[in-house]
Amino acid sequence: MNIKDLLIKIDYDILKGNDNAEVCEIAYDSRRVTKKNSLFVCIEGFKEDGHKFIDDAIKNGATSILVEKEIKINSENANVIKVKNARKVLSKISSAFYNEPSKELNLVGITGTNGKTSVSIIISNILENLGRKVGTIGIIDNRIGNKILEVEKNTPTTPESLELQMLLRKMSEEKVQDVIMEVSSMALELYRVDNCIFDIGVFTNLSQDHLDDHKTMENYKNAKLKLFTKCKYAVVNIDDSVSKDIINTATAKIFTYGINNSADLMANDIRLSPDGARFKISFNSEEKEVVIKIPGLFSVYNSLAAIAVCLHLGLILDDIILALQDIKTIRGRAEAINTEDGYTVIVDYAHSPDALKNILTTVKGFVRGKVITVFGCGGDRDKTKRPIMGKIAGENSQFCIITSDNPRTEEPLQILYNIEDGIKETQCSYKKILDRKEAIYFAMDNAKLGDVIVIAGKGHETYQILKDRTIKFDDMEVVKEYLKKKVSAE
């Protein structure tokens, strides 16, 4: 494939050379140029500008360069093409290079502040239980069935467009029927999914998060809305106020789900327990009973979204309900261990105010003793949510331990002080312990029969990002390590 083929319907100028050169590889990181006749795409990122690394890319084999700026290039043989927006063009040419793989798949995109991962995993488990071959792309990993697909990933949830199209091509080649993808607001804002053809888009909810990126809730909302101009069907949580904006602006056919407002798929007669929920659903004048083994009202919403998607993929409702009943735990999402001392530890990814409130409200509904919350907030992220989360934790716990999350380049202790400002507005007792492992151990040392410890913020993560390095760290592994040491000491 040559440059001209890749740039069909894109405005561009030839600054040097020609547009007939063959392209055998595309890269936007000079270190990943591995072949001769590669096309290097210069993206001006938030931290680095790809234009600075053109010489490195050429040394590694790039013969064609895509730029946004008028720039002097020393190589006599390089073909230099200028476009207005290289990041947007990367999405287009990546899809073309991999021969538009999303056209060959049932592609489901899930967006929302909370619930993306859970809904994705629930859908994929239902589909796999019913014999379909499924690919998933998301924050935990990218996989086909049980096989993890290794891919260079600079972004936490949705891969950059080049890696994304490569994954979709791989999935198509392996005869995957359905791909379930978590779609972040930044993926929508930064064109990563622009050239994906979604059969179904799912909206879970919207609440405060990522204001470090989007600055305002209006911008954050508008980024999410973009998904519903890219899909054929929109599955929308009608109980969230943003649903009105989606219904008014979407080009997709709308299907709604909810609990409190009239919807195409509704849950009622909901009975929550520590082990899950039992509820009835109404769909097409039918009423069916559903049992799930994941606790919390939020899990009812997640299940409704999953049921709606599976219906649109052609599955039978009774089969969906049976498959749903077999799903027990989702890694890092209300993941619980009941200890021999009679207290429970729950590890949850809750890292936004609404998510923290949801998990703590769920626990309060069944706890027999105290709620002990261990949590922090990420550094280099929205600072305004820190006191809000502190207040939520204080209002819904008997004791809080404020600790480090992923402090990144910020001073860890300052983050704790920001959170403390919110807890001080409540009557909750609390303690600051900077070391996260020490904080978890302290909570477990002091838990009594009937207590529930909620360790929030990191969930499935197996690392902790510090100022100068990233270390191995897994909340659930720390919990298991504590319990193992306790048994050994007895």
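Just so it is clear, glycine is given a Cβ too, placed from its N, Cα and C backbone atoms.
Note: TrEMBL annotation is automatic and uncurated.
Under DSSP, ASN114 (ATP binding site) is assigned to coil, being neither helix nor strand in the three-state scheme. If you draw a 10 Å sphere around the CB of ASN114 (ATP binding site), it holds 25 other CB atoms from the protein chains shown. Residues or ranges marked as ATP binding site in TrEMBL: GLY112, THR113, ASN114, GLY115, LYS116, THR117, SER118.
Neighbour list (ASP405 (meso-2,6-diaminopimelate binding site), Cβ cut-off 8 Å, at least 6 residues apart, same chain): HIS351, PHE375, GLY376, CYS377, GLY378, GLY379, ILE415, ARG436, GLY457, LYS458, GLN464. TrEMBL lists ARG381, ASP405, ASN406, PRO407, ARG408, GLY457, GLU461 with the feature meso-2,6-diaminopimelate binding site.
Residues or ranges marked as domain 'Mur ligase N-terminal catalytic' in TrEMBL: 26-98. Summed and averaged per residue, pLDDT over the domain 'Mur ligase N-terminal catalytic' (26-98) gives 95.
The domain 'Mur ligase central' annotation in TrEMBL covers 110-310.
Here TrEMBL flags 332-459 as domain 'Mur ligase C-terminal'.
What TrEMBL lists as N6-carboxylysine is LYS224. Secondary structure from DSSP puts LYS224 (N6-carboxylysine) in a helix.
The motif 'Meso-diaminopimelate recognition motif' annotation in TrEMBL covers 405-408.
Highlighted in sequence order, ILE110, VAL119, GLU182, THR204, ASN205, ASN302, ALA355 have their Cβ within 8 Å of the centre of the Cβ atoms of GLY112, THR113, ASN114, GLY115, LYS116, THR117, SER118, the residues recorded for ATP, and are not part of that set. Counting only residues at least six positions away in the same chain, the Cβ atoms of GLY376, GLY378, GLY379, ILE415, ILE465, LEU466, LYS467 sit under 8 Å from the Cβ of PRO407 (meso-2,6-diaminopimelate binding site). Excluding ARG381, ASP405, ASN406, PRO407, ARG408, GLY457, GLU461 themselves, the residues of that chain whose CB lies within 8 A of the CB mean position for the meso-2,6-diaminopimelate site are, in sequence, HIS351, GLY376, CYS377, GLY378, GLY379, SER404, LYS458, GLN464, ILE465. Comparing the Cα of LYS224 (N6-carboxylysine) with the Cα of every entry in THR113, ARG381, ARG408, these being the binding-site residues, the smallest distance points to THR113. If you take the C-beta of GLU461 (meso-2,6-diaminopimelate binding site) and look for same-chain residues 6 or more apart in sequence within under 8 angstroms, you find GLY332, TYR349, ASN406, PHE473, ASP474, ASP475.
Distance between Cα atoms for THR113 (ATP binding site) and ARG381 (meso-2,6-diaminopimelate binding site): 15 Å, as a whole number.
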